[in-house]
Amino acid sequence: MRDSSGYKEYVAGLLAGVATVGTGHPFDTVKVKMQMHNTVEHGITYRNGLHCTVRILRTEGIKGLYRGATSSFMGVAFESSLLFGMYSQMKQSLQGNVQSAVPQPQIIIPSAAFGGAMISFILCPSELVKCRMQVQGTDSLVPISSRYAGPLDCALKTVKEDGVRGIFRGGFTTFLREATGNAVFFTVYEYVRYHMHLQLKSASSDHKNLIDVGVGIVSGGLGGIAFWSAVLPLDVAKTIIQTSADKNSTRNPFQILSSIYKMAGLKGCYTGLGPTIVRAFPANAAAIVSWEIAIKLLGIQRE
């Protein structure tokens, strides 16, 4: 059972977001570059995630894998704070006085979908900047004269050229991805966490903290894999929408996915699956472990 903890839930979520970016951003850079290069009919095509990673390291070094990390740290930390905070508080609200240790999908799904939908409005601008920074590095098709000096330069030029609407390019697709993906993520996380604790409840209390970390790693990691397995096609469409140089190109994710499917089949719709899944487990495991540790340190009680 949770107590009414107000801001503490949001602080714990903030720490989870920082852990997510620190662990997962290099994998995300590889994913974005593969989505951009392997779904168009020109430019270099990467054989796999390793091929892409090696090319980035050879030409730019480790800093190339952290392109766009500044905007990502700010965006993901903030949105993670809101996501975990809103999820926790809406879950409390829907449960009311009826507290149950058993996961309840009728409470988890709307709570997570609502949190995901709300954060999409913050996540969209930060991801647009992140993606545009990521694609202008190694093997970029972006002319040197059109490249951005940094995240702030990217944001300001986007607003100047396309207006405020431009910085929210891909907003509908981000909304769909976050609402759907987080409903899947928290459902898997809550069920795996519950059943693992059920199996391990007889374990020695001397190892409780270690067990909690282990459960957090597995439940968070599997939740992350489930998230991306469910919504990666939407993410592919979002990357194309946000990085397209053509202002008049479609922003309808389903039209884009239909075009990709005709050109490259289902595999094309899941471009970047390798680095995404490799990233999903450690990044989300780090997020959940950080969140749960922060909850304990802040004195928030859980069932």
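Every residue gets a Cβ built from N, Cα and C, even glycine.
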Feature transmembrane segment in TrEMBL, mapped to one of the ranges 65-87, 272-294: 65-87
Long-range neighbours of the transmembrane segment (65-87), counting only residues six or more past its ends (CB under 8 A): 9-14, 16-18, 20-21, 25-26, 28-30, 53, 56-57, 111-112, 114-116, 118-119, 122-123, 125-127, 129-134, 136-137, 150-151, 154-155, 182, 186, 287, 291
The repeat 'Solcar' (103-195): DSSP-derived helix, strand, coil residue counts: 76 helix, 0 strand, 17 coil
